[in-house]
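Asker: Below: one structure in structure tokens.
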């Protein structure tokens, strides 16, 4: 029973009351994934950026709600969360500090139970060959099903049973182990889109003629990984018999270096793709969050919040009609992030970790993924950094009325 989680996912549709810039590509992406701009502009909860204007604690606003999250002193879990933290801080808390050291010092005090990044966990703890959100979620789910089938320790997910009068507020998404289009795509031999496979994002979007099916992508990765494993095993036996020194890397006939991901190596495994280095750099600049959505969606100039949603995992769930559009919705993303974190925690806990030890998950505690880096950003208050003045005032407000 200790590995059964009750899940409730909430979406708040917000509206920035200050002028901001949106880019057509970002708007198109949001529309493709079901975002309702009419609802945002007609019913969105208003908010302003920067420091408080007046006594925010007396008003029922999103800034007051954010203070409640700080007062709760619970771990904060995000996926590739650096930009999200910048967004949350600037829009619902205070003006951003001038230095990174001050920013991380403030965050360490705002969330004393720790900040956890599932993208970091996916690359450095579970060591997946790709770590964008939907890939990591489906990979965790597959591995969890294997544990269940082998009677090992595993996660189970239970959703709330909501009354009929709440049905219009809830959005269900079918998410079986393998999507229905999986077998269809395999039968038609539709090639996997290399860009989407590597980064979870493709500039052609729904118009791309190649497959964006995560199940097919994972199938290909698992097949390639198994082939490499067998090849490594064969080479290791040969070297053992001939006395050749072991090598961590090998050269393909094309001259490209292929990293053999092993548990003992430094840094995460990197997915092999068809890109030349320059092309990969270009994509990384367009989508540094690598989560299947342009950076502009999570930037300070656009509003990524979507409408009310909930997720349904089992095929037998028929509480409401299936929603249309892509999988990237705030509620679904939140659920997938939570599932990945629960899975990683379960794996770590399964290794006889002291469940009462602090922090909650030491290997991922206060470590934010940094694109292209083999080391994370540590959320700590150094001896050389002070908290910002605006943050100190907010903390006084939080605990004076908490």
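Just so it is clear, glycine is given a Cβ too, placed from its N, Cα and C backbone atoms.
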Asker: Need the matching range: TrEMBL marks zinc finger on one of 158-186, 187-215, 274-302, 303-331, and I'd like to know which.
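Answerer: In TrEMBL, the zinc finger feature sits at 187-215.
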Asker: Using DSSP, tally how many residues of the domain 'C3H1-type' (187-215) sit in helix, strand and coil.
Answerer: 12 helix, 2 strand, 15 coil
Asker: Would you mind giving the whole-number mean pLDDT across the domain 'C3H1-type' (187-215)?
Answerer: 84
